[in-house]
Amino acid sequence: MKIAIFNNDAKNSQMITQSLVASLEKNGLTIDNQHPDIVITVGGDGTLLGAFQHYVDQIDTIRFVGLHTGHLGFYTDWLSTELANLVSSLTHDNGQRVSYPLLDMTVVHESGEQYHFLALNEAAIKQPVGTLVADIYLGGQLFERFRGDGIAVATPTGSTAYNKANGGAVLHPKLSAIQMSEIASINNRVFRTLGSPLVVPKGEEIIVKPKSNHFLVMYDQSEIKGRHINELRFRVADKQVHFAAYRHVDFWQRVHRAFINDIES
């Protein structure tokens, strides 16, 4: 089995990576950062997002394992003190995995050119200065004209990030859906939006047509400047992200440990 290691620049992460590489090689596992079967991230959730985008073209054939170098992250199942247990799980790997939905974003330029991007967490359209004005289409029909700071579209696992801060719901990843939330929308007697998050199932599309060219499009940790973009289309991707399920933590337990203190009985 071929294993890649993707770590952040923190000194602690680099030291743990060195120890991990030595242990993997000692146990007969191959390090291959080009065409791996397993990608181990050493860092936090941001490191895992970076690894996802780095290996996005191989997403069908790889599984991720998150090793956190601080407190346990949302996507990470292992602590730096558990290297021996992790290596043991890798040596006894039988292909077990758990899969989550992804966001497919299509950027359509005025020239007609289209570019596809995949996001693990979310995408957002924001106006750095002034008000973002955009027409929102659902079911192929004009639904509303949005005015505000921006719009975010999240996957179920990404629903605990920017989406949650926007007042969106936390979706379980067994729901094959995406969620659109408003960022500081303008609602008064003249301008109205629905004012609530929208959950769209697989097979349907959210189309956003901004009325200006001065906006930013962000997906996970990447950014696109909105120049000569005619529309953006969002849907549940056909592909999924896969994690090695050696001792996979239940989704609601992840939410609990990320946001809720222990409850005294």
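Every residue, even glycine, has its Cβ placed from backbone N, Cα and C.
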According to Swiss-Prot, D45, G46, N121, E122, R147, D149, Q221 bind NAD(+); which one of A84, A184, A258 is listed for that same site?
-> A184
So for G46 (NAD(+) binding site), how many other CB atoms are inside 10 Å of its CB?
-> 14
Max pairwise CA distance, angstrom, over record-listed NAD(+) binders D45, G46, N121, E122, R147, D149, A184, Q221 | 31
Return the single residue from the binding-site residues list (N121, Q221) that has the minimum number of other CB atoms within 10 Å.
-> Q221
Number of Cβ atoms other than its own within 10 Å, given for R147 (NAD(+) binding site) = 21
Find, among the binding-site residues listed as D45, E122, D149, the one whose Cβ has the highest number of other Cβ atoms within 10 Å in the structure shown.
-> E122
